[in-house]
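Feature annotation from TrEMBL assigns active site, proton acceptor to HIS68. Taken from TrEMBL, the feature Ca(2+) 1 binding site applies to ASP69, VAL72, GLY74, ASP76, SER78, GLU90. According to TrEMBL, the feature substrate binding site maps to PRO165. The feature heme b binding site is assigned by TrEMBL to HIS195. Taken from TrEMBL, the feature Ca(2+) 2 binding site covers ASP247, THR249, ASP254. Among the features that TrEMBL reports, disulfide bond is placed at CYS37-CYS117, CYS70-CYS75, CYS123-CYS321, CYS202-CYS234. The domain 'Plant heme peroxidase family profile' annotation in TrEMBL covers 27-325. Annotated signal peptide per TrEMBL: 1-25, in sequence order. According to TrEMBL, the feature site 'Transition state stabilizer' maps to ARG64.
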Amino acid sequence: MLPLRNISLFISLLCHASLLSSLFAKELELGYYSDTCPDAESIVREVMRRAMVREPRSVASVMRLQFHDCFVNGCDGSVLMDETETMLGEKEALSNINSLRSFEVIDEIKEALEENCPGVVSCADIIIMASRDAVALSGGPYWNVKLGREDSLYASQDDSNDIMPSPRANATMLIDLFSRFNLTITDLVALSGSHSIGEARCFSIMFRLYNQSGSGRPDPNMDSKFRNKLDSLCPRGGDENVTGGMDSTPVKFDNQYFKDLVQLRGFLNSDQTLFSDNIRTRKLVKKFSTDQEAFFKAFIKGMVKMGDLQSNRKGEIRRNCRVANNQREDDFLIRVF
């Protein structure tokens, strides 16, 4: 048993850590930049519109960044940081490498904002605004976003590896993951509907096609005609970087994703499992497949809740989203903390 004085010291340190966390966490607000950068949201939307014209898939890729950023130590823009000599970036984490893309769109947004109001808008907030616009520009709902986040001073590849799920994840694993962030089963299913737009690589489904659960056979929870289509797209021994739509309307944000799951035409295992492997998630998949408005409302609620996940670490407003403002200072902080 610890001596009483050690227990008192331990409690004191915990209270001190809690105080520091509350000091670093910022209160998010609607219209946060109305005085300091009033055109911020319209600038983000215009750059996203141009990116969509150049490559429709790019906006879906930008939206994915919110998930991969916010789940790892809160929405702090850490996923955007490049690897350095002293820091392994999250871009190279297992679930991100050769998968996350369209970072150049964030760069373009940041450059436009820096020209208009330098040093004001954080990269973390850019991700939140751009994700919302990706949905709206693709035909989905629009919602107001709370802003005021700061950018992290460093990224953590280890934390990303520990947190982000693989394409092989089943419904139970996903429910457990989302619950860690106070996100409900409804949030999980609705937010999985982000796969209504975008594409994924053959790499992510080869096991489903040819060796599900080590059986040497394809996933039984897959429509046979759809499997034949995927066999042609992703042949054994073929180029695993080839991509396919994650639902049958991959540039339109709608509830087709859920209709596909009901028909056993989900692209990723982590999608199809929501219908095939869990009664609670199956009910929601069925509901959203027939009620697009209910899906949209639940999706907005889930995105707002996910956007509220904050980092409790000291931050800054990065001038370049790929690197901290003072790398030498960051290296010192990494050694200290």
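In case you wondered, yes, glycine gets a Cβ from its N, Cα and C as well.
Note that the structure is a prediction, hence the values are computed from the model and not measured.
Within the set of binding-site residues (ASP76, GLU90, ASP247, ASP254), the lowest number of other Cβ atoms found within 10 Å of a Cβ is recorded at ASP254. Here ASP254 (Ca(2+) 2 binding site) is positioned 27 angstrom away from GLY74 (Ca(2+) 1 binding site), judged by their C-alpha atoms. In this structure the alpha carbons, written CA, of CYS123 (disulfide bond) and ASP69 (Ca(2+) 1 binding site) are 11 Å apart. Apart from the site residues ASP247, THR249, ASP254, the chain places the Cβ of SER196, ILE197, SER248, PRO250, LYS252, PHE253, ASN255, GLN256, TYR257, LYS259, ASP260 no farther than 8 Å from the centroid of the site's Cβ atoms, the recorded Ca(2+) 2 location. All protein chains shown were included, and the count of other CB atoms within 10 Å of the CB of CYS234 (disulfide bond) stands at 22. Between the C-alpha atoms of ARG64 (site 'Transition state stabilizer') and THR249 (Ca(2+) 2 binding site), the distance comes to 17 Å. By neighbour count, meaning other C-beta atoms within 10 Å, the densest spot among the binding-site residues SER78, THR249 is SER78. Taking every protein chain shown into account, CYS37, CYS75, CYS117 are the disulfide-bonded residues, and of these the Cβ with the most other Cβ atoms within 10 Å belongs to CYS75. Proximity to ASP69 (Ca(2+) 1 binding site), defined by a C-alpha to C-alpha distance within 10 angstroms, is shown by the following recorded positions from CYS75, CYS117, PRO165, THR249, ASP254, CYS321: CYS75.
Here HIS68 (active site, proton acceptor) comes close to VAL79, GLU90, SER95, ASN96, LEU100, SER160, MET164: these same-chain residues lie at least six apart in sequence, with C-beta atoms under 8 angstroms from its C-beta. Sitting within 8 Å of the Cβ centre of ASP69, VAL72, GLY74, ASP76, SER78, GLU90, and not among those site residues for Ca(2+) 1, are the Cβ atoms of HIS68, CYS70, PHE71, ASN73, CYS75, GLY77, VAL79, ALA124, SER152, ALA155, SER156, ASP159, SER160, SER311. CYS321 (disulfide bond) sits 9 Å from SER78 (Ca(2+) 1 binding site), counting Cα to Cα.
Nearest by CA distance to VAL72 (Ca(2+) 1 binding site), out of the recorded positions CYS37, PRO165, CYS234, THR249, is PRO165. For GLY74 (Ca(2+) 1 binding site), the Cβ neighbour count at a 10 Å cut-off comes to 22, with all displayed protein chains included. Neighbours of ASP254 (Ca(2+) 2 binding site) among the recorded positions ASP76, SER78, CYS117, PRO165, CYS202, defined as a Cα within 10 Å of its Cα, are absent: none qualifies.
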